[in-house]
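Single-structure report; data block below.
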Amino acid sequence: MHKRRGCGLPFPLVCDSDVMQLSISVEEEPMICQGLVYNVSPYMEYHPGGEDELMRAAGSDGTDLFDQVHRWVNYESMLKECLVGRMAVKPVAVAKENHEKKPLNGILLKSKLPDLPAKEISPSYDWFQTESLVTIVIYTKQKDVDSESVIVDYQDGCFRAEIVINDYSYLLHTELSHEIQEDITARVAEKTGKVEIILKKKDNVSWKYLGHPLENHNSFTAHREKGLYYRKCKLVSKVDVTHDTKLYCLMLPPDTHLQVPIGQHVYLKLTVAGAEIVKPYTPVLESLHSDLQEPLHPHNKYIYVIIKIYHTGLFTPHFDCLQIGDYVSVSSPEGNFKKSQLQDLEELFLLAAGTGFTPMVKILNYALTNTTSLRKVKLMFFNKTEEDILWKNQLEHLADKDRRFEVEFILSEPTCEWTGKQGRISLPLLSKFVKRSLENSRVLICICGPAPFTEQGIRLLKDLNFSQEEVHSFTA
Ligand code: FAD
Ligand code: NAD
């Protein structure tokens, strides 16, 4: 048990309006923050760091300490019930402890990591509770954190929150001290990079600590170093797209928050005859129809994949044998495409072959919806036969509806009825199709398909004088 220390204030106070001296009894714990004086004793039991941490600021000006640890916390609203008055005089300087590098309630005060560029700052976390809720706050201090950067899981009592920041990720991984309800909320304040994760307590008891740390808890390391994390997802639907390709809908567990960013893939894992088989797949949208843009299923609860079944393949025949209601393990997303590559673009060219169309789905949709500078999007879609073309009707429908979008189908094994273009990727085809309409227009070319297709495409685009920055190829 903590022993409460009483400490009076060595300086006079003013109440907000009246100039009057206040006296605080020795049982109360006054603390100053930005010139405001709080009696923090009622807050003791809610403070995430416990009494000892709060007592470090008691009886003194806690502004510096507060800034070090809680700079992003809105203490004015949180402690408003504890406000006693405002400082009348500047407090006498209080000798400061050297708080550097001392872990506070799981908060690494270490501000820089040795393997990070100097400007990168290590994130930290804090938590607090009310009678029914536990709120975990992660201060990433990064401006480009959005809902896609936050991955939350809760499985078998273990809580895991990963915040992806460029090639790094910050991980909270703990076995919670108490049970929670199946209803986790995650919010991101994009301007400050503050992430709030709200857990609902199962029984309204006060938590003394958040949980027991698990592997890599409170670490900020290269994203890849952590390995892939999987959760079991339920197959909820399976719809034919072509003779050998289907659209599968997978439902995330209720406590998982995960959105697959544009251009990224996940790994699906199945255990077949005691052996684990893992293959990458690029999630798509439910459909390209804009009238279905209000999705039937919210983006952060369902993952859609278009998968071609190869009868002699290692993974796909087993995956296709799954029945509705069966489970498959799905990893966290990976990939090096950045949404920012679509910013300020004027022309977007998509070169896809077979299921290499899958990354183009979200890119196409995002660019047409969000890139205001965009004047033209052209998809060149290579397939063997007409019956292999994925979402042909939807693509034609989109081209009819949106004048910025054009699609061309090129078949390598057409029937004699085919009147469209034929062949494989080649210089004559590309030089006509991938052409800047203005000399200096901002262009991006995305390419995806079988490895020889992609490699040849990259070579040809180089010959056509497109720069490396203007070409993005999707590989494993
Ligand atoms: P495999 O066992 O890999 O076999 C595939 C075919 O090749 C079969 O016909 C097989 O008989 C033949 N084959 C295998 N080995 C040989 C060999 N040595 N010589 C000759 N032939 C051989 N696919 C999708 O359908 N949708 C997607 O969204 C998707 N996204 C992807 C994202 C990424 C980043 C990558 C790298 C790949 C993606 N793929 C996607 C492909 C996918 O990962 C699998 O490769 C594909 O599903 C085949 O898996 P499989 O194990 O069933 O077949
Ligand atoms: P497919 O065998 O049906 O071929 C589709 C077209 O690709 C052909 O019509 C042809 O135009 C072209 N093509 C095939 N082989 C070629 C070669 N050797 N040289 C030049 N062009 C060639 O394609 P599929 O079975 O749908 O396979 C799609 C491929 O795309 C797979 O290899 C898959 O791994 C890959 N893929 C990669 C990603 C990624 O993000 N990296 C995503 C999805 C699919």
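Each residue, glycine too, has its Cβ placed from N, Cα and C.
For Thr358 (FAD binding site), the same-chain residues that are 6 or more apart in sequence and have a Cβ closer than 8 Å to its Cβ are Tyr281, Thr282, Pro283, Val284, Val305, Ile306, Cys448. Feature annotation from TrEMBL assigns FAD binding site to Pro280, Tyr281, Ile306, Lys308, Thr358.
Sequence annotations record features per position, and here TrEMBL assigns domain 'Cytochrome b5 heme-binding' to 1-88. Regional average pLDDT for the domain 'Cytochrome b5 heme-binding' (1-88) in the model is 51.
The DSSP breakdown of the domain 'CS' (120-211), given as helix, strand and coil counts, is 3 helix, 51 strand, 38 coil. TrEMBL lists 120-211 with the feature domain 'CS'.
Sequence annotations record features per position, and here TrEMBL assigns domain 'FAD-binding FR-type' to 228-340.
Its Cβ placed at the centre, Pro280 (FAD binding site) has 13 other Cβ atoms within 10 Å. According to DSSP, the domain 'FAD-binding FR-type' (228-340) comprises 10 helix, 48 strand, 55 coil. Proximity of the binding-site residues Pro280, Tyr281, Lys308 to ligand 2, judged by a Cβ distance under 6 angstroms to any of its atoms, singles out Lys308 in sequence order.
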